[in-house]
Each structure stands twice: as structure tokens, then as C-alpha cells.
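Each remark here refers to the structure printed beneath this line.
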Amino acid sequence: MDITEVPVSNENKGKKNKNKKPNNKRVTKERNAVEPKQEEKMENSEAAFPPTFSVSEIKNKQRRHLMFMKFKQEKRKQKLQVKKKKKKEREALGDKAPPKEVPKTIENQRVYDETTVDPEDEEIAFDEGTDEFSAYFNGLTNPKVLITTSDRPRGRTVRFCEQLATVVPNAHVYYRRGLALKRIIPQCVARNFTYLMVINEDRKMPNGLVLCHLPEGPTAHFKISSVRLRKEMKRRGKEPTEHSPEVILNNFTTRLGHSIGRLFAALFPQDPQFVGRQVATFHNQRDFIFFRFHRYIFKNEKRVGIQELGPRFTLKLRSLQKGTFDSKFGEYEWVLKRHEMDACRRKFQL
């Protein structure tokens, strides 16, 4: 076979030279020139946008829970270390140590209310002497309470009413039988009842309380929550006796709270029988009224033990109405407006 030589042009030579790799020394110099610029850009971006990480960004539920628990443990350790350090400093300083700091709570940072009651105020004393409860506090009337329910009550609501009747002396439980409250109130007044208590329910659970003072009012409407009957309570005492209990009213400071406290006080006789050693407590905290019923036991001259007898529940005031119950034409003294009144967490109504 004959072999023919093909001439190579200068253009093809130029293409071959282009395909050749550049020299290694030149590449390293270019890289070294580019790297500091990139580092400067990274530093600027970090300064402008710091990296943030939150546990809520973790999508795996178990991993998120573990990370959160670790975070809480680390926080606890730091708190303990700071606490030990402060304790050592206080021991070293001795009498010269600065006073302990009072912890900040919602209660001690409460917004001042203009209607806060001063017990020595003459105007308040005059109002108390002429209000609807003056006859009770002057010893002219004895409390007599009628307890009823909404229509067709379930077993839990009925048991709750029966247990309330053992807490409040001289209380009588009657079934509603479909009667309207406007028809019940005149019958109660004719039979010398001083209170009408109506327990409402929703989904077989007590959820509301209407407390009407007779014969002139006022009428308060409460929301009931966290109801626990006696059988549902651990380490409860024996059944309460028929002795009239002592009454404790805590933290009712405003004019509204004062009237609500007097409303609760008028439920019980003024002469408690100390032999029974029973106490009914209405404790107001952040506008939630917690009810507890205890029996106290003297262990020795210095120590006293308490047993909870039950039932227990929590009340939240919804409205206070002048006069007896009238849902259509009644005049309201106070109505809960959640979006306006609950906007500030440090402002309380009671």
C-alpha cells in the first residue's frame, strides 16, 4: 500500500496548542489570588448574617426532643453553678453581704389598679353598710342555699352538686325539671332562700356556675374548670362533718374583687364551729379563683397537718349583674371582654 503524507496547517497547530493544559505554576498563582477574595466575601456575609439555629427547625420529633432536653440540662447546670458561686460569695462576705434579690413574678409586677380597696376608706365602709349583703353581715339573716342544675343533668354533675351541698351548710339540692330561672327565683324568695346556685354542664362535664343572691341580687356568672370529685382525689380525708366551716378569702383587692369576696362569704354562716376543724378557701390568683376544702389536724403544739376533703374546682368570672338573674333586660355591672382585658398579662380585675 502507498502511504501519502497529509500536510498540517498552522490553524490546526493552534487548535492543538489550545487543547494543551496550562502550566501548573500559573494555575497555583491564580488560585492564590482568588482565595483571599473569597475569604473576604465569606467574612462579610458572616458579619451581616450570623448563623442561627433553633431546636424547632429539627424535623425529626425524637431528635428534636433529645436536643431540647440537652439544652434544658445545660441551662440547669449553668444556673446551679451561678447559685453556688453566689452562695460562696455570701458566706465569704458574712454580714456585709448584700440583701437577696426578690424574684420577678407577674404578681409583684402587677399594674396598679385605681379601684384597689383601702379598708380604712370611709366611702367603702359606707358602701358596705348599705349594699345587698349588709343584712347578712349585720347578723339579720342566716344563709340558706338552693342548688340546682341545667336540664337533664348527667351523673357527674349530679354528684358534684351533692358534694357541694356537704360543703355549704344549710344547702338543699333540687332537680330543675325544665323550669325557667325566672319562675324558680320567686319560689326561692317565698321559701326564705338567700342563694340560688345553678350548675351548668357541657358534654357531661360541669362548665358553668350561676350564683344569684336573693332577694335583691347581685348575680355572678362563672366558668368552672378543673373539677375533681372526692373519688378522683388521692390521699383525701374522710367525709366532711356537718359542722359549719371557717372561710378564707385570699387576694380580693379591687372593688370588683371585694364584692365577689363578700358574695362568697355570705354563703356560709358567720359563726364557724371550730370543733369540726374544717376550712373552705377561695384563693384568687391572676383572676382565677381556686376553691379548696380542708380539715386541719394538730400534731403537736407547733405542727399542724391538713387533709383535703374535696371537691376542688377553679372559677373564672364572666359577668356580674345587678339584681336577680335576667338574661334579656338585666343591667350588668361588669362583663369580661377577653381581647381588651386580657391584653396585658400584668393587669388583673379582681
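From the backbone N, Cα and C atoms, a Cβ is placed for every residue, glycine too.
Listed in TrEMBL for this protein:
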- 15-26: compositional bias 'Basic residues' (COMPBIAS)
- 27-44: compositional bias 'Basic and acidic residues' (COMPBIAS)
- 72-88: compositional bias 'Basic residues' (COMPBIAS)
- 89-102: compositional bias 'Basic and acidic residues' (COMPBIAS)
- 143-326: domain 'Brix' (DOMAIN)
- 1-59: region 'Disordered' (REGION)
- 72-102: region 'Disordered' (REGION)
Using Cβ atoms and a strict cutoff of less than 8 Å, what residues sit near the compositional bias 'Basic residues' (72-88) while being 6 or more residues removed from its termini? none
Number of helical, extended and coil residues in the compositional bias 'Basic and acidic residues' (89-102), per DSSP: 8 helix, 0 strand, 6 coil
What is the average pLDDT across the domain 'Brix' (143-326)? 93
